[in-house]
């Protein structure tokens, strides 16, 4: 597999996303450390920092997925519509921090606090992204075997990455909106949500690199030289990642007639110019078996070979 080279914008975006995820993870540890050692039930600043970090992770992941969807479909209106949900979610997350943080939101008796609205917007964005990606990629016409494998790989990747994030956000929204469910369950989803966004981005980048390697990688196969010449009409099937070659033709001895050798003298008073020889093929034969020609006609043989690279 070739070296992993990213465009400058994607490289810096990936670096920013990784640092943001590291910040969110440190906030989780800081919250547990302060709660256990300092005996503070609800520390404010780790929760506020984690909220901003998770919101930023969601915004970067959703923007990346929307951009990927737009590159496939060029549907600008629908892409902007989904982006509005992502921006609204991030704006509400910042507003919650400014107004006092998560714990103040939970302490109020507001039937629909800003935290719940932000969770709904985030869930809607994730679900729309997953459905849009799967719907758009499933409509491609398959033009070849290699393209079929590529499109199927993209569909599976879009389904896996989008579905996992959407499922987690839906469950988090349910635990937040249903009053009978303990808010500590929502806290569990809230803590892991940023990490899931990070894994989604990493998996998409890896899948992107793998697809580029499959498409742009070498498809030529190094074959050992053969002692025989195969007819030019040789059926060859090449698959992405696997090469299957089936050659069927006449195997001819490559020896040339020598002076004084009666073996190569044309019989029945035929001229050498009248002898029709098969044209050489660009695909050498593999494991060819043949018998030495004792007349002007060569023996018929069939060669089959299959291997993987």
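A Cβ is built for glycine as well, from the same backbone N, Cα and C atoms used for every other residue.
Feature annotations, reproduced from TrEMBL:
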type	residues	note
TRANSMEM	12-34	transmembrane segment
TRANSMEM	46-66	transmembrane segment
TRANSMEM	78-102	transmembrane segment
TRANSMEM	114-135	transmembrane segment
DOMAIN	123-209	domain 'DUF6534'
TRANSMEM	156-178	transmembrane segment
TRANSMEM	184-206	transmembrane segment
REGION	248-275	region 'Disordered'
REGION	289-309	region 'Disordered'
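For the domain 'DUF6534' (123-209), the model gives a mean pLDDT of 76. The list of residues near the transmembrane segment (12-34) in space but at least 6 beyond its ends in sequence, with Cβ under 8 angstroms from a Cβ of it, reads 6, 40, 43, 46-47, 49-50, 53-54, 56-57, 60-61, 64, 191, 194-195, 197-198, 201, 205.
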